[in-house]
Amino acid sequence: MDHQPKFFENLSGTGKAIGVLTSGGDAQGMNAAVRAVVRMGIYVKAKVYFVYEGYQGMVDGGDNIVEVSWESVSSILQVGGTVIGSARCKSFRTREGRLQAAYNLVQRGITNLCVIGGDGSLTGANLFREEWSGLLEELAQKGKIDQEAVKKYAYLNIVGMVGSIDNDFCGTDMTIGTDSALHRIIEVVDAIMTTAQSHQRTFVLEVMGRHCGYLALVSALACGADWVFIPEYPPEEGWEDSMCVKLSENRARKKRLNIIIVAEGAIDCHNKPITSEKVKDLVVQRLGFDTRVTILGHVQRGGTPSAFDRILASRMGVEAVLALLEGTPDTPACVVSLSGNQAVRLPLMECVQMTQEVQKAMDEGRFVEAVRLRGRSFENNLNTYKLLSHKKPDAELPKTNFNVAVLNVGAPAAGMNAAVRAAVRVGITEGHKMFAVIDGFEGFSRGKIKEISWGDVGGWTGQGGSILGTKRTLPAKYLEKIADQMRTNNINALMVIGGFEAYESCLQLHEARSRFEEFCVPICVLPATISNNVPGTDFSIGADTALNAIVETCDRIKQSASGTKRRVFIIETMGGYCGYLANMGALAAGADAAYIFEEQFDIRELQANVEHLTEKMKTSIQRGLVLRNENCNENYTTDFIYQLYSEEGKGVFDCRKNVLGHMQQGGAPSPFDRNFGTKISAKAMQWISKKLKETYRKGAGKVFANTDDSVCLLGMRRRNLVFQPVAELKNETDFVHRIPMEQWWLKLRPLMKILAKYKTSYDVSDSGQLEHVAMHSPKEAETGAI
């Protein structure tokens, strides 16, 4: 859509006061949200106040409501929980309590509130807003405030952000803290797996989620658990027998461990609780397996926020301030949230009502409805889990006589193995024979191809790198040999998982179809690269894991710098010519600058950055962090920038440099990458099956696909997963620098600069419109979201 960019310079916060509070249970990433609200508020010249201890602090007033400065939120980005405190508050539930809170806000001229919490906190905020004018009238009658104040502070604006590890709020795909809680769970599961392997044990893990099974479901998907219990999808009658049969079958297949995940609110179809102890006793009595229970408890709420949560919270915080500035007496209280990869504003009460509807549906035993109300992301997770966890007996599987090959191309990326596992298992379920190609197209040309079974890919989700082996070699020089192998092994479809090379490879196969009929088969590319430089998708498998590695290192470096004082670190990230890792790493680590190829810079800008850091050293924040993409400029190398900063900063600060290198490619995949890889791979396999049916020619007895739409890349675009013909993506690609011509994340660049105190202009055309909570149809769950 063509629109004139709309910049927020016209939105001034002069004369406005914003109060920010965190309420309800804490969640990692709340501090990043608080930091973004404070800095964006100050940036637009509003006054910003902390309200300590949630609503309790608002009622108590005094030192609990304090005006803050830019530096007040320094060094909190990497801290879990909330630094301004959160408390359950009984008095705010009474009108007297709210009257006192209104008085405390009016005293400071605060008529804009940003509330970060769960649905209870947000409902309270909405009630407060509805009563506001009545409360002011009452205060005036009691002589506590004058009529002037009643007029001046006539209405209260409220914007909510959902901070909850349970991801139990309808209308938003991810709440702040959910991704970090998944990190904690997966760290524990990965650790338990090694000990369970040693002793052939069964582990029952209890995770949080009293009313919502999101954490249990996604962690079960991400670690390939044998069984999962969640409140929204109780097991059928007789589940005890089916579970025990499945566990013993897995043991018979030489699987040395079983993992069962139980949400704390899990129930059976009669609404009776299923506890982790009950599951353990059942396994011990029926099967005699050595079984242990681990209850994760508050570990899930703790620890440092993940890169995803920091970026999400920073984006939401800035969006919340924009929503407050644009608020009028007629705009309903809204929630800023995420849909796919897009920030949206939704009416607060619509979201709350829908969230309550889910609980009502569960209480009344309407479980199918409860899953649907949870939203398409939840429904997709559940469907994918069901597809991948239970293998049907061979007799029940369809037989298609199609052979599908899977291969990895390019550099290794964490999450590739999860994608291979999902492809193999969905392919087998669909009735195909699955083949694994070792070492990319080079291996393919040498005939390194073998059939791969359901059990062969067990335990692959948590493995980093590429188990199949991967090479950067493109197929162009081996076309004839590859065509021979495809003919010999009768390969009817290809799934290629990899980065820019995978995309280029499939373009080459597409162009070679006129010479080799063997390539006239359905081909699907899944983007998997840490650089996130593949056209046609906002995210690639592996980028999230690399981002977390960068952010973790930056946190440590910042800590060392705050110890020594007056020190600036220059850190080089990977990514080829794509600045995604440098830019997003800078946003998530709270860096002062990020140099990237996509935004050309000259010596004047370098000079300005040095001056900016010199100014910063005069404040209480005496450290600096600068990220540089490896190929951002051939002359301004990391060494050059380091030497320039060292010389210009003499006497004010000293410099250190750090090249992160291949540590960004390694490590166990993050929950996001496991989940993303699993889901897009399952979807791609279903697409391949559909294409095979469409292109099978009965007369010739073979598959013949030669249209552009039979070679596609599956990517996430804004809110949806879309299959795009690689031939069409050619026009969107800069082949010299191996990057897409347009990249969504460049819009977040000003965000990083604002949060680092630079003057900049920020295009807000994408934000602003209040949407409604959409009830989706079951059909949509198949087509759309992540």
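Cβ from N, Cα, C; glycine included.
Taken from TrEMBL as is:
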- 18-323: domain 'Phosphofructokinase' (DOMAIN)
- Asp119: Mg(2+) binding site (BINDING)
- Ser164, Ile165, Asp166, Arg201, Met208, Gly209, Arg210, Glu264, Arg292, His298, Val299, Gln300, Arg301: substrate binding site (BINDING)
- Asp166: active site, proton acceptor (ACT_SITE)
- 403-688: domain 'Phosphofructokinase' (DOMAIN)
- Arg472, 529-533, Arg567, 574-576, Glu630, Arg656, 662-665, Arg738: beta-D-fructose 2,6-bisphosphate binding site (BINDING)
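Asp119 (Mg(2+) binding site) is 14 Å away from Arg210 (substrate binding site) when you measure Cα to Cα. In this model, the domain 'Phosphofructokinase' (403-688) carries an average pLDDT of 95. Within 10 Å of the residue listed as 'Mg(2+) binding site', counting C-alpha to C-alpha distances, fall the following of the binding-site residues Ser164, Asp166, Gly576: Ser164.
Looking only at Cα atoms, Arg301 (substrate binding site) sits nearest to Arg567 among the binding-site residues Arg472, Arg567, Gly576. In this structure, the C-alpha atom of Met208 (substrate binding site) lies 42 angstrom from that of Arg472 (beta-D-fructose 2,6-bisphosphate binding site). When the binding-site residues Arg472, Arg567, Gly576, His662, Gln665 are compared by Cα distance to Ser164 (substrate binding site), the shortest distance belongs to Gln665. Between the C-alpha atoms of His662 (beta-D-fructose 2,6-bisphosphate binding site) and Arg292 (substrate binding site), the distance comes to 37 Å. When the Cα of Gln665 (beta-D-fructose 2,6-bisphosphate binding site) is compared against those of the binding-site residues Asp166, Arg292, Val299, the shortest separation belongs to Val299. With respect to Val299 (substrate binding site), the closest of these binding-site residues in Cα terms is Arg567, chosen from Arg472, Arg567, Gly576.
For Gly576 (beta-D-fructose 2,6-bisphosphate binding site), applying a Cβ distance below 8 Å and a minimum sequence separation of six or more within one chain yields Phe500, Ser531, Asn533, Glu630, Asn631, His737, Arg738, Ile739.
All protein chains shown were included, and the count of other CB atoms within 10 Å of the CB of Arg292 (substrate binding site) stands at 14. Note: the Cα of Arg567 (beta-D-fructose 2,6-bisphosphate binding site) and the Cα of Arg292 (substrate binding site) are spaced 49 Å from each other.
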